Amino acid sequence: MKQLVNLERSFLVGHIFAMVFGLAGLLLVIPHPELLADLGPFGQKVFAWSMSGGGVVNIILGTVAVAIYAYRTLGLWQWLTFMIPAVFLSLGSELLGTSTGFPFGEYGYLSGLGYKVAGLVPFTVPLSWFYMGFVCYLLALSAINAKVKTGNPISFLRPILSVALGAILLTSWDFALDPAMSQTAYPFWHFGEVGSFFGTPYRNFAGWIATGGLFMGVAALFWNKKPIVLSRQQLIFPLVVYISNIAFSAVLTLFGVGLWVPIGLSVLLGILPAVILWWMASSAPTSMPPDQGENTRLTEIPTTQVPVASMGVMPK
């Protein structure tokens, strides 16, 4: 278990470092190409590689970090029954969107995010749907399950509320993400239409809600046998992943595009609710027994709680 924690933290640190390194390149070097001369031949090669593959590395690091966390904290069953629907349903949605314009609007991916499935969607895009979707859903689910106990008259609404809140958190990331990825000096995708929301079509956000809600809803069907109740300590990791990815997008949007409103919405509808949901979670760690049955590490809400050391951190 300790080895998994160390691996998880290493990939998390690498993920954050990759975003910081990317910000330096996108905001400092690209707008000022004269700086490349000061880097020397080796530095120039590193920079060229980072621009062609840095986005891929960043997303893979985030994916592996979240996958390890999901397996370690929840178990094999919960990890795979979220990741598989998230990857394949989001890929299907992206392929449909890049082919027909539904449900996100007219858009297409440029270079910088890796090999494109069917020549349309970079393979890293569904991976980012997974890792960001997972942390959003887990924050929402843990808070709802902590506050709406089994036997509560509205306990039957827990899956619906968790999916709805998770999809909103995920979509709130996109408010800052789209300008950052489509309007800077080095864009990763482009819209075929000028949207009313600072260049982004409003239907794009409806597509995000629908796509996120779809794969979270499928996961909810698999996860509905036992309530998942994680503590604040155990939820630090997903909170850090969520906030750091929004921060990356926000810095790019602010200094690369000069927009405040999308950032404000990501904070108001994303970061603030995420912190509130984290605070609503149980204050004490839950006990995590060895995998049983469907490889789950979860039990019903325990009466005796044993502390667990845990750490808790780009689609279109």
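Cβ from N, Cα, C; glycine included.
Small disclaimer: the values here were computed from a predicted structure and weren't measured.
TrEMBL lists 12-31 (among others) with the feature transmembrane segment.
The transmembrane segment feature in TrEMBL is assigned to 46-69 (among others).
The transmembrane segment annotation in TrEMBL covers 76-97 (among others).
Among the features that TrEMBL reports, transmembrane segment is placed at 117-144 (among others). Within its own chain, the transmembrane segment (117-144) has Cβ neighbours under 8 Å at 55-56, 59-60, 62-63, 65-67, 70, 82-83, 86-88, 90-91, 94-95, 98-99, 108-109, 158, 161-167, 169-170, 173, 211-212, 215-216, 219, 223, 228-230, 235, 237-239, 241-242, 245, 274, 276-278, 280-282, 314-316, counting only residues six or more beyond its boundaries.
Under the heading transmembrane segment, TrEMBL lists 156-176 (among others). Remote same-chain partners of the transmembrane segment (156-176), defined as residues 6 or more beyond its termini with a Cβ less than 8 Å from a stretch Cβ, comprise 132-133, 136-141, 143-145, 148, 204-205, 208-209, 212-213, 216-217, 220, 224, 227, 242, 245-246, 249-250, 252-253, 262-263, 265-266, 269-271, 273-274, 277.
As annotated by TrEMBL, transmembrane segment applies to 205-223 (among others). Long-range contacts of the transmembrane segment (205-223) within the same chain, counting only residues at least 6 positions beyond its ends with a Cβ under 8 Å from a Cβ of the stretch, are 77-78, 81-82, 85-86, 89-90, 93, 97, 102-105, 129, 133, 136-137, 141, 159, 162-164, 166-168, 170-171, 174-175, 197.
Long-range contacts of the transmembrane segment (235-257) within the same chain, counting only residues at least 6 positions beyond its ends with a Cβ under 8 Å from a Cβ of the stretch, are 8, 12, 15-16, 19, 22-23, 26-27, 62, 65-66, 69, 73, 131-132, 134-136, 138-139, 142, 169, 172-173, 176-177, 179-181, 183-185, 263, 266-267, 270-271, 274-275, 278, 281, 310-313. Taken from TrEMBL, the feature transmembrane segment applies to 235-257 (among others).
Sequence annotations record features per position, and here TrEMBL assigns transmembrane segment to 263-281 (among others).
Cβ atoms under 8 Å from those of the transmembrane segment (263-281) belong to residues 136, 139-140, 142-143, 146-147, 165, 168-169, 172-173, 175-176, 229-232, 235-236, 239, 242-243, 246, 249-250, 253-254 of the same chain, restricted to positions at least 6 beyond its ends. Nonlocal intrachain contacts for the transmembrane segment (12-31), taken as residues 6+ away from its ends with a CB within less than 8 angstroms of a stretch CB, comprise 47, 50-51, 54-55, 57-58, 61-62, 65, 184-186, 237, 240-241, 244-245, 248, 251-252, 255-256, 311, 313.
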